[in-house]
Amino acid sequence: MSRSSFFFVFFILILSNSILSYISFSRSTVSVLKKDCAASAEFRQQDLSPELYRQLTESGLYPSDWCDLLTTTMLNSHFHPQHISPDNTFYLLYKKSCYLQLKNYYEAIWGNLQYFPVASDDISYEDSWMDSRTYGGNRHHEGTDLFGPVSQSGYYPIISITDGIVEQKGWLPLGGYRIGIRSDSGGYFYYAHLSSYEEDFTPGDRVQAGEILGFMGNTGYGQEGTSERFPVHLHLGIYITTPEGQDISVNPYHVLQCLRKKIRKYTYY
């Protein structure tokens with residue numbers, strides 16, 4: 001073999017190895033994106049800090065379609081981001097349909113958030129996601145409970161977080177008087193244990209973000225009208241709906257953290 005032929009073969013081997021390494025790296029990168037990842041515990045945590053949310057939505061550094069960037073950021077960090085990560089090249093190249101569906105889920109949850117759900121700035125809550133519950137059988141807590149220092153039922157107005165349509169209203173043995181709003185971006189926001197409703201909402205009614213839906217109470221855990229079996233609080237649930245019609249709950253805690261300063265107050269005369 002001549003010297004020139006040797007170097008040509010050597011170059012081809014290096015190039016081939018580089019291409020294989022690139023393909024291996026790209027496929028390893030997209031391995032986190034699975035068709036059913038919306039049902040995974042990691043996705044359902046919705047672990048986004050208020051600072052990253054602020055950077056995405058308020059800094060002016062990112063495009064208006066910031067949920068695309070949120071999707072990439074979550075994937076590139078295996079759903080626990082510390083910084084914004086904009087590169088979605090491999091996801092669009094290898095798993096475009098899965099990526100776009102996941103983006104739709106993030107948009108359903110985050111795309112239309114405007115207000116904290118209680119009209120008060122002294123509300124407390126903890127990350128009680130998946131804590132054990134026993135009423136109605138052993139189960140897990142698929143939401144966040146919000147409490148005020150005033151334990152009087154009917155004291156705190158409950159606010160619609162988003163614009164949307166009333167999808168469900170009325171009594172549930174577990175949730176008491178509840179109302180469910182389908183936001184304009186597709187998420188389902190569930191407000192439970194209300195003492196009463198602000199008005200006679202019916203399914204199909206349109207509500208605006210910041211509108212009073214009802215008042216914090218302690219209804220539920222029994223037949224219609226049951227109350228006072230637990231302290232006054234709001235149970236907030238957030239759900240996405242898959243193309244197959246399956247409802248999947250996600251952790252509202254981080255959403256609440258990001259809305260903590262977006263409080264709408266009301267004065268009564």
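For all residues, glycine too, the Cβ spot is worked out from N, Cα and C.
A TrEMBL annotation is a machine prediction, not a hand-curated record.
Here is what TrEMBL says about this protein:
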- 140-240: domain 'M23ase beta-sheet core' (DOMAIN)
Residues of the domain 'M23ase beta-sheet core' (140-240) by DSSP state, where helix covers H, G and I: 0 helix, 53 strand, 48 coil
Per-residue pLDDT averaged over the domain 'M23ase beta-sheet core' (140-240), given as an integer: 98
